[in-house]
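The block underneath contains the structure these notes are about, expressed in C-alpha cells.
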Amino acid sequence: MSQAGVERLLKGLQILVLVLRLSAGYFPEERWNPESPFRSPTVLIAVLARNSEGSLPEVLGALDRLHYPKERISLWVATDHNFDNTSQILREWLINVQNQYHHVEWRPQEHPRWFRDEESPKHWSHSRYEYVMKLRQAALTSAREMWADYIFFLDADNLLTNSETLNLLIAENKTVVAPMLESRAAYSNFWCGMTTQGYYRRTPAYMPIRRRERQGCFPVPMVHSTFLIDLRKEASQQLDFYPPHADYTWAFDDIIVFAFSCRQAEVQMFLCNKEIYGYLPVPLRSHSTLLDETDNFLHTKLEAMVKGPQVHPSSFVTIPKKVPDKMSFDEVFLINLKHRQDRRERMKRTLYELQIDFKLVDAVYGKMLNQSNVTEMGIKMLPGYKDPYHGRPLTRGEMGCFLSHYNIWKEISERNLEVSAVLEDDLRFEIFFKRRLQTLLHDLEIAKLDWDLIYLGRKRMQVDEPEEPVPGVRNLVVSDYSYWTLGYLISLRGARKLLNAEPLGKMLPVDEFLPVMYDKHPISDYSSHFSTRDLRAFSVEPLLLYPTHYTGDKGYISDTETSVLWDNVTQPTDWDRAKSRKTHQQEKLRSEALNTPSMGSPFDNTARDEL
C-alpha cells in the first residue's frame, strides 16, 4: 500500500473512533443503547373443521411448527356437524396448547350432525355454505374486535410444510395474499380467470404459475382455502364474508362471495409461489365417503413426503397406533440400497401410513461387485446387448438391480410363496392405492385368472396400439413391451419361470428381461437366447405406482445409469441422460393407442377444480 493509502486508512480509523466515542456519550448519563426491534404483529389464526379427523393431527402439527411467536397468535377454532372425532381432537389439542397462545376461542357445535338440505357429509348445500360464511365472518369480527393486525384463514385439510409461511406472507405487505399450495394435479387454491357470472374461467396464465415456471406474487381474481388478510389496511374494513354484498348476484359460494367483496372494496387478491408452502387435497365428488376423504388426505401427506421431509402429527393429540398387514400377500418385499437412507426412511414411513407390512431387502450395490464376484456367480452379459439409447453394454448398476430382483425370486421359490408384491424405493403411490389393489386381488380371485406377473407401475413402450383388456377383471390389461420395475405382483410359478431361464449367464437389464420372458420384446435377437418365453404378464390400468423423479427433475438420482461398465470398472457410464427416453415420463399416447377406459375418477370436474 502506498504512503497516501496508509494515511487515508489511518484518518478513517480516527473518524470511526470519534463516532464511537460520541455515541458512548461524553458524560456517563448521556450514554444510550440502540432501540430494540418491533414486536411481531399480532395474528388471529382461524380454523374451521368438519369431519376432519383424518387430516387434523398433521395440520395441527404444522401449526405447532410455525416459526412465529406463539404469544403473538390468537386461535379461533370452530367445528360443527361432525360424524367423526373432529371435536375431540381439537378439544384435546386446544387444552394442551392454550397456554402457549395469546388467546383461544373455541366454538364447537356437536348437534345436529348434518344440514337439513345436504345429501351426504361431502355435499355442499345452501345451508352449509351459509353456515361457513357466518363462521368466517365471526372469526373476522373477533379479529377486528381484539385489534389483531392480521387474520390467517387455514382450511382443516391444508398442510403447511413451510414453517416460515406466516412470516413470508406478512413480508409481502398485501391486503389479501395466499401461499400457492401444491396438489397431486393441476388444482390449487387460486384462480387466474373468472367469468362475468363469477365462475371459474380457464386461462393461459394458470399453468405457468401452478408449475412455478413463473415465480413471484401475482394479482389474481380468486384465492381460497388458506390466505392472510392485513387488518391494518384501511380497505380491509370493507371486506366481509356474510351477508353477501347488496349487489351480489353470483353463485352462493363462500369463496366467490368473498372474492366479490374484495372486488367491491377494490382490494386486489395476490397469490405467491416463490416457495413451496404446503399441500392441499384435490376436492372429491359430493357423494364421496368420509373414508374417501381420509384416504385423499393421506395421499396428500404421502406426496408431501416425496418432495420434503416426513410429515409429523402434533405431539399434543393422541394418535391411534396403525396396524400394518400384508394385504393377503405371502410377502411384500421392499428393495433399498443401504446407503440410500433417505429413500429407506421415506418408504418405511409411507408403508406404515398405508398400513402395509413389508420385508426390507438390502439391494445389491453393483459398484461394490468385483470381477471375482461376477465370475463366481456365473454372470455374463447377453451376447449383443446394447443400451437402446447410448449403445453401451450393461452397467454394474443394472447388474446390481437385476441381482436384487433375482434374489427375491429365489426367496419366493425357496419359501414357496404363492403371491408376493415387489416394490422399489423410488416410487410414489397413487391415490386409494391400497383399496384399489385389494379390489384387484378380489377380482383376480373371482375371475380365476391365470397370471404370473402384474405390473403396478411401468413405462409403456408400445404406444401405437391399445393393449388388450382382461375380461372379468376391471383395470387390467395384457402387458405389451414395457420399462421399469417400480412395483409388481408375482406368483410362485412366475418366479420359478424367471429362475428357470437361467438369466445370470445371459444378463440384460431386468426391465428388458421381463418383456423377453412374456415374449413382447421388439428385438428378436435378445429373445432367441431364451427358448421358453411363456410368462403370463399383465398390467393395472390406470397405474398404481409412478417414479418419484424423472430425468431432469431436481433430486433425480440413478443408481443404474450412473455407474460403471459391467466388465470395466474404470469406465463410468453417466452419459447424457437427457437423450435417454428410458427415465423420461411416459410419452403421450395417440388416441387410437389408449387402453380401454375403466373405473371413473373419484374427483369432481367442478368449478374449483383444475384437473
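Start at 1 and count along the chain as shown; that gives each residue its number.
Glycine residues also receive a Cβ, built from the backbone N, Cα and C atoms like all the rest.
Owing to the predicted nature of the structure, the values given are computational and were not obtained by experimental measurement.
Swiss-Prot lists 1-24 with the feature signal peptide. As annotated by Swiss-Prot, N-linked glycosylation site applies to Asn85, Asn173, Asn370, Asn373, Asn568, with the evidence given as sequence analysis. Among the features that Swiss-Prot reports, region 'Disordered' is placed at 576-611. Annotation source Swiss-Prot lists compositional bias 'Basic and acidic residues' at 576-591. Under the heading motif 'Prevents secretion from ER', Swiss-Prot lists 608-611, citing sequence analysis as support.
A map of Swiss-Prot features onto the structure.
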residue: Asn85; record: N-linked glycosylation site; DSSP class: coil
residue: Asn173; record: N-linked glycosylation site; DSSP class: coil
residue: Asn370; record: N-linked glycosylation site; DSSP class: coil
Task = Counting Cβ neighbours within 10 Å across all chains shown, tell me which of the glycosylation sites Asn85, Asn173, Asn370, Asn373 comes out on top.
result = Asn85
Inquiry  = Return the average pLDDT for the motif 'Prevents secretion from ER' (608-611) as a whole number.
reply    = 36
Cα separation, Asn373 (N-linked glycosylation site) to Asn85 (N-linked glycosylation site) (Å, whole number) = 57
Request  = Please report how many Å separate the Cα atom of Asn370 (N-linked glycosylation site) from that of Asn173 (N-linked glycosylation site), as a whole number.
outcome  = 61
Query = For Asn173 (N-linked glycosylation site) and Asn373 (N-linked glycosylation site), what Cα-Cα distance in Å is obtained after rounding to a whole number?
reply = 64
